[in-house]
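Copied over from TrEMBL:
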type: TRANSMEM; residues: 21-44; note: transmembrane segment
type: DOMAIN; residues: 119-355; note: domain 'ABC transmembrane type-2'
type: TRANSMEM; residues: 160-183; note: transmembrane segment
type: TRANSMEM; residues: 213-233; note: transmembrane segment
type: TRANSMEM; residues: 239-263; note: transmembrane segment
type: TRANSMEM; residues: 275-294; note: transmembrane segment
type: TRANSMEM; residues: 332-352; note: transmembrane segment
Amino acid sequence: MAYNQFRAMLAIAKGSFKAILRSPATVAFSLGFPFIFIIGFGFINKDKGIAIPVGYSAADTANEAFRVLKNIPGLELLIKDSAVLREDLQRNRITAIVQAKPDGTVQVAAPEFANASDISVLHTLLQHAFNKEAARENAANIVSNDTAVIRGRQSKLIDFLLPGMLGFALLGTGIFSVAFLFFNLRQELVLKRFFATPITKTNILLGETLSQAVFQLLSAALIILAGVWLYGFTLHNGFWSFLQIMVVCFITLIVFMGFGFVVSGLSKTSGSVPALANIFAIPQFLLSGTFYPVEKFPEWLHPFCQMLPLTHFNEAVRSIAFDGASLWDCRLNMGMLALWGLIIFFVASRVFRWE
């Protein structure tokens, strides 16, 4: 009777999955930490600070109003295309858009969910600045007292943070868990014992990685559902958006597992595993828009940020969840993740050691 490689692979996956569930540290890192972050940030009131971020159309920078606006203390003026500004409004990146009208007046345009106190302060700043500039009593008429309402959906803090938490969990499991797992299996000669059985090396790897993937995808699903039920995380297309996010999670997890294989292959001692893993993990954790928008980093850092796989995961998940984008709409992000997968598994095939 021929040896059933598939059943052997499933047996390894089942045993490995049980071992994961019996490891408190693994469960805490993959599931507990993201939940703690989500719950903690869920209580934070999004405070925009002293400077009020407002948008101004890049097409209107030749008029006198622009010269006055860019010199107003307490105003963070962001100059972008009109379409980009409207998207920033929906995502709460700016408080309002200041518009220069053809008749020489200035009007504030804000979403219906805008903070009333922020809009009031903005009107006061504008009135004071233009009154001082014109040095005449009727200068207040330059700034319209009416606020134009821009319809749209509000982007909540959780809509930005939860994809970052998912990425954080995938990064930890894919790199650290896989690196430690295969390093320990090699050091304890477990892999060598596997060689005494008819199972192939490929199925050994598939069995171990399958258990990690199933556990992490279950964790990701729980994190998303908790975000939806507790804090109203936006899933634009409901269950369909959820399924597409899970596909992105699976592909990204495979990429990060490749990093884990590289780390386990390069590590000579148990102490070198976390050091090497952090070389891959920390730059992505800090520069991929996990907690802080990439746009806030210096311009010279943007190309490097856009090279990181976690950046493309965060962008894809946020687009699918909030904008209702499809996987095809996120093809650039998915393509970059696939490219990273090819590169990292090519490297892993060269450095991974069985003994």
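Glycine too: its Cβ is placed from the backbone N, Cα and C atoms.
Curation does not apply to TrEMBL; its annotations are automatic.
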What parts of the chain pack near the transmembrane segment (275-294), using Cβ distances under 8 Å and only residues at least 6 beyond its ends?
93, 160-161, 164-165, 167-168, 171-172, 175-176, 179, 259-260, 262-263, 266-267, 301-302, 304-306, 308-311, 313-315
Listed stretches 160-183, 213-233, 332-352 vs the transmembrane segment (239-263), most Cβ pairs under 8 Å: range 160-183
